[in-house]
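Listed in TrEMBL for this protein:
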type     : residues               : note
SIGNAL   : 1-30                   : signal peptide
DOMAIN   : 99-185                 : domain 'Saposin B-type'
DISULFID : C134-C145              : disulfide bond
BINDING  : D224, H226, D297, H480 : Zn(2+) 1 binding site
DISULFID : C239-C244              : disulfide bond
DISULFID : C245-C268              : disulfide bond
BINDING  : D297, N337, H445, H478 : Zn(2+) 2 binding site
DISULFID : C405-C452              : disulfide bond
DISULFID : C606-C610              : disulfide bond
Amino acid sequence: MQRNKSMLLGTAALLSLALLVVLQTPTAEADRLQPKGYRETVQKLQKHYVKFEDKVSREFRLWKEEGTMSQHFRQLIQASAIGKSERAQEIRELPTAREGPLCAICRGFGGSVLEFRREGASREEVYNTTVELCTMLNLQEESICRGLIELNIDTILYIVDNRPDLTSASLCAVVFQSGACVLDDPTFTEWQVDVDSNGTPVTSSKSGTAQRGPNDLKIVQITDLHFDPNYRTGYNAECGAPACCRESQGIPEDTTAAAGHWGDYRNCDTPWNAVEDLIDRIAEDHSDADYVYHTGDIIDHGIWETSIGYNVRSINRVISKLRETFPETPVYNILGNHEAHPTNVYELGEVTRPDFSTNWLYHLSADLWSHWLPRAAEQTIRLGGYYTALVRPGFRIIALNNNDCYTFNWWILFQPDALKGQLQWLHDVLLQAERADEKVHILAHLPISSDCFSVWQREYRRILERFRDTISAQFHGHTHKDEFNVFYASENPEFAVGVAWNGGSGTAHTNVNPNYVVYYVNPETYEVTDFESYAYNLTSANLTPDDRPDWFRMYSFQEEFGLSDLSPAGVDEMIQRLGTPAGRSELRRYWEYKVKLADASLANDCTEDCLLNHLCEIVTNQADDLRKCQELSDTFFD
């Protein structure tokens, strides 16, 4: 499972940026559980934040007035600096104990930069100040701080200048989305999708089709290829940047730090030969596939030096390869957060400056995807990168661009209720599908639980509950892990209402093997009856660079875990079993497959607390709703 990692408004955006770098590559254990007394501690922290902000603000002002940093200010920065290991962690995977300190750093330094701009600081002054703070706070190396800030500063300054009521508290709460950063601004929270009132209450878990059958449809999912045109075999894989193994980073003296021919477990993306091999292998070994779902993230992790032209070239190359390989097999593509320039930044709301527009990407996508789609899909792709298509009578795909809800999409800070637009469209298409007696698969790059803005998560869950009988399956990417999520009813969390499957990643970034997934889908209900995950061992592949990788079937989900069916009810039974001491060995197998049997991850192992956190990740779909996680923790050590 992997994710990616932006920056500026002080540490808010500063820390974000640094951690945005990581945000596509989770390497640390998640920390879902909150200790006893957590909420009381958070309340006490609010007073600490205010004092810390005042202290940092005073020292910051002195620095700008006198031209030199006081010793006290340097000590504050030194005490606030993050460890290098935290650069390579996704924000939501940082330990709960770090939520408070990081929120304080964000509000303190972020608030000072916010004030600095609003008191008349120029773009150059804000840029130089933020680069210095980014470097001193150890968010990234100076060159990466400069690149990230240069790419993001104009967007953020526009938002700051045009949202005079935006506070560092709100900014940090949106970006960090942790219990320690409280969001109490109604601008962000008081909007809703208009949901049709004819739905029925949730009174039981959703059951489904039992066994895989001989007439099942076969759907292959490819996701998170992260093609890096700068990847060079033998170059430095331990460069300390968000993306290594690149030509500009040189050949290391230590040969163990050299990039492998087929990819590398470290912070490295995918060479073209590995991208080609994965796509070719699917065509060779699964020529009977009915459809291909390609769920985004073509672009690499060199997020400090992207450009529109650079992204266009990589996107063109990958989509052209898919078109050549699958000329007759329908391929349903969606956008990943990395396709945008700057990374993660998808324009929202009433923005008049053309240089901030994401239209270049939407028009490019409409043109490239048109080979597989009906003409009617073009309109919404050009509008916002999303679409719907009737695959066959009774079966519809809804392809979302839910990168707009990513907490590193700065435009959420500008006009949060603009997120309603695509969600309302989703609702309306589902309502039409329900009336036409169609079943629906939803494709979205970001898992709903993974760093989507919490209010967006809340509204998506409302839509999912209302149309749970119409939505047969959901498919996600982004995390680089072979995993899944179960959705539970908001008011009755004992009932499971949906399952979302994650296709893993074509990249090995970070500490995972490349993989793809083959789903078996009932041709009448369009529910997933089983899936098989295919991978190759990167260590072995790199030992024989002249030979193609040895792909193998890692497992069949139904066979491995003995499920009667893969419905929400069936998968919930499995989760309850894994949440007991008797299910520990099964849970460990789940984790091993989640990291795709990668040598680098298996060597690090996973403690019991680690296993519990991975179990909690399955059942957590909203940032502020940990009820199911708490239930599992209550039985885990019985």
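Just so it is clear, glycine is given a Cβ too, placed from its N, Cα and C backbone atoms.
Where the annotation comes from TrEMBL, it is an automatic prediction and has not been curated.
Since the structure is predicted, the reported quantities are computational estimates derived from the model, not experimental observations.
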Rounded to the nearest Å - Cα separation of N337 (Zn(2+) 2 binding site) and C239 (disulfide bond): 24
Length of the line joining the Cα atoms of H226 (Zn(2+) 1 binding site) and C244 (disulfide bond), in Å: 13
C405 (disulfide bond) versus binding-site residues D224, D297, H445, H480 - nearest by Cα: H445
Densest Cβ neighbourhood among C245, C606 (disulfide-bonded residues), 10 Å radius: C245
D297 (Zn(2+) 1 binding site) versus recorded positions C145, C245, H445, C452 - nearest by Cα: H445
Three-state composition of the domain 'Saposin B-type' (99-185), taking helix and strand from DSSP: 64 helix, 0 strand, 23 coil
Of the binding-site residues listed as D224, H445, H478, H480, the one whose CA lies nearest the CA of C610 (disulfide bond): H480
Residue among recorded positions D224, C239, H480, C606 with Cα closest to the Cα of H445 (Zn(2+) 2 binding site): D224
Cα-Cα distance linking H478 (Zn(2+) 2 binding site) and C134 (disulfide bond), given in Å to the nearest integer: 26
Spatial neighbours of H478 (Zn(2+) 2 binding site), counting only the disulfide-bonded residues C145, C239, C245, C452, C606 and Cα distances within 10 Å: none
Length of the line joining the Cα atoms of C245 (disulfide bond) and D224 (Zn(2+) 1 binding site), in Å: 18
Those recorded positions of C145, D224, C244, C452, C606 having Cα within 10 angstroms of C268 (disulfide bond): C244
